[in-house]
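Visitor: From TrEMBL, here are the annotated features:
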TRANSMEM  20-38  transmembrane segment
TRANSMEM  116-134  transmembrane segment
TRANSMEM  141-160  transmembrane segment
TRANSMEM  192-221  transmembrane segment
TRANSMEM  233-257  transmembrane segment
TRANSMEM  269-288  transmembrane segment
TRANSMEM  295-313  transmembrane segment
TRANSMEM  347-367  transmembrane segment
TRANSMEM  379-398  transmembrane segment
TRANSMEM  404-422  transmembrane segment
TRANSMEM  434-455  transmembrane segment
Amino acid sequence: MPDQSHAIPEKNAPKFTPGMRWAMFGWLLCCAVLLWLSRHELASLTFRDPDDSMRLQQVRDWLGGQGFYDVSQHRVFPPQGGPMHWSRIVDAPIAALILMLRPLLGTALAETVACAAIPLLLLGALTAALFAAVRRIAGPAIGLLATGLLLTTPTILVQFGPLRIDHHGWQIVMATIALGGALDYRPARGGAIAAIALAIWLQISSEGLPYAALFAAIFALWQWRDRDQTPRFVAFAMLLGGVALPLLALLRGPAALVQQQCDSLSAAYLWPLAAFAVATPILFRVLPTSASGRFAAAATGAAAAAAVFAFTGGPCLTGDPFKALGPLAYKLWYLHVMEGRPIWEQAISMVGLILLPPLAGLVGSIAAGRAAKDQGERYRWIVITLLLVGSTGVAVMVMRAMSVAHIMAMPGIAWLMLQLFRRAQSHTSAVVRVLGSAAVALLTPTALCALWVGLTPEKKSNEAPPAQAADCRAGQTIAPLRQLPVSTLFAPLDMGPDILIRTGHNVTGTAHHRNAAGITAVVKGFTATPDRARVILARLSSGRGPDYVITCKALNEFEHYARDHRQSLAAALVRGAPPTWLRRVPAPEPLRIYKVMPVRN
């Protein structure tokens, strides 16, 4: 059935409506609250996550003269260096703001302002994108309610607070822009917007691949049901590969077009996207325009991409890129990175945080689709429902993807809350009006998650509380390291990035999987017996070995080493019984510094 776009007046609404102004006002209020809550961290430039510290170091290296295409960390695992695959898209705004502010504020303050401002600006983009998307299908009132939910949902805001400069916020913004493209009443423009957003997302992280497949599948089904939606699917197919290819060459260099990497956009995934981009418009031109012809064209385009992937994929077809770490590092490091693990490995409290908002959004989206005034509106609610189901499926497999699923849940939750509120207000009983209206607030993601956490029993954990563990990475903890001569430090992986940004030292490894050699060396060194660890350390840095061993007992990573390997170097250091080849250097707790003594023949 043709798309009855005239039924929704919001399709032609001006871009900066009063509703959008209110949404932006809400964003400014949220920014003020987040800045206040982060005031102590801003004063000391204390990052919540080691990845944020590493991002700042990558920006510093770039501004210090490191090549645009070279994103390796040359102070990690010397002399080889630590390979990285992070995108300059994320680096560029931080670097630009530092460059603009440095003449006025000095380097240190310019970095702090940039690291505080960029995540908040991304949050503003997210707020505008979500309001615009929801307004298209449900009007400005529900659009405003959805942005209000967004600006009070911790599972999303945690990726946009001051100093949260890593790439996760970018991924959420691109997902929301793609959602807006999916709901656009101009099919070709909507497909193009979604494709460009996903092409940018793929440059930032290969985690965008399942979402690209999800949008492609939904658009394919939509155009099969509605011929008027064919331009959306064709534009999406053409621009997803058509934008991803030149962007990759621009950001990584022409050599990236033939390099095969399973953990980032590379030739393994790029050429299937290119085949999809080339084959799809040709197939829609030559095949019949009937429903069966459109289905065949979409299916054949997907088959062309799959066939090319079978040729270019190589180890990416079945391999796990993290297996390159080796069995010990895989077990003792990667399997403890819970944000990358599936839902069945999470604590019961986390299971509720992941699933409850999508379940509420699913109920709302289905109900909104059933109540839709016309076929065009109904199809768009079906699209939201399918995107929500697909993104929740990704979150089930990878915990950190829950923020995208929660974004997809916002339209349905907002619609459901408004309908229930109106129903409660229309009741003849004053008690029902008051209690029913108040009860609607329990459907907010924040309330759902808080209730779940409050009702689920807390499992006892041997891990240090987050605040105590964070002390190991704090500036005042690491400050004594600046008194040492510039050296190579053998330190826990999670301390590595903060050592890099706060000192001039090198480190053996950081928690970034491309540096498999450094991760393996740190894990093996700390979990081996003291005698064996001495041999492992002596082989590092081209036989020079590290100059110092650094530990911090409150760090969960270090606790895992000691607890799982009772006879290890880590266990000996936790007990305060270092081997003879390590000499304690005075330093305030919880930091411990040990000088590596030379081997005497």
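Each Cβ is built from the backbone N, Cα and C atoms, and glycine gets one as well.
What's the neighbourhood like for these features in this structure?
Guide: Here the transmembrane segment (116-134) has Cβ contacts under 8 Å with residues 15, 19-20, 23-24, 26-27, 30-31, 34-35, 38, 42, 93-94, 97, 142-144, 146-147, 150-151, 156-157, 159-165, 169-170, 172-173, 176-177, 179-180, 183, 407, 410-411, 414 of the same chain, all six or more residues outside its ends.
Beyond its flanks by at least six residues, the transmembrane segment (141-160) meets 19, 22-23, 26-27, 29-30, 34, 119-120, 122-123, 126-127, 130-135, 168-169, 172, 353, 357, 402-403, 406-407, 410-411, 413-415, 417-418, 444-446, 449 of its own chain at Cβ-Cβ distances under 8 Å.
Non-local neighbours of the transmembrane segment (233-257) in the same chain are 69, 87-89, 187-192, 194-196, 198-200, 202-203, 212, 215-216, 219-220, 222-223, 265-267, 270, 273-278, 280-281, 284, 298, 301; each lies 6+ residues outside the stretch with a CB under 8 Å from one of its CB atoms.
The list of residues near the transmembrane segment (269-288) in space but at least 6 beyond its ends in sequence, with Cβ under 8 angstroms from a Cβ of it, reads 202, 206, 209, 212, 216, 230, 233-234, 237-242, 244-245, 248, 257, 294, 296-298, 300-302, 304-309, 312-313, 316.
Distant neighbours of the transmembrane segment (347-367): 153, 155, 338, 381, 384-385, 388-389, 391-392, 395-396, 399, 402, 405-406, 408-417, 419, 443, 445, 448-449, 452-453, 456-459; these residues of the same chain sit at least 6 beyond its ends, with a Cβ under 8 Å from one of its Cβ atoms.
Same-chain neighbours of the transmembrane segment (379-398): 3, 136-137, 175, 179, 182-183, 207, 210-211, 214-215, 218, 222, 225-226, 339-343, 354-355, 358, 361-362, 365-366, 368-369, 372, 404-405, 407-409, 411-412, counting only residues six or more beyond its ends whose CB sits under 8 Å from a CB of the stretch.
Below 8 angstroms of C-beta separation, residues 126, 130, 133-134, 137-138, 141-143, 145-146, 149-150, 153, 155-156, 171-172, 175-176, 179, 211, 354, 357-358, 360-368, 371, 384-385, 387-388, 391-392, 394-395, 436-437, 440, 443-445 of the same chain, each at least six residues beyond the ends of the transmembrane segment (404-422), sit close to that stretch.
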Visitor: Does the chain bring the transmembrane segment (295-313) near the transmembrane segment (434-455), so that three or more CB pairs sit under 8 Å (pairs 6 or more apart in sequence)?
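Guide: With fewer than 3 qualifying Cβ pairs, these stretches do not touch.
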Visitor: Grab the same-chain neighbours of the transmembrane segment (434-455) for me: Cβ-Cβ under 8 Å, and only residues 6 or more beyond its ends, written as numbers and ranges.
Guide: 149, 152-155, 349, 352-353, 356-357, 360, 406, 409, 413, 416-417, 420-421, 423-425, 427
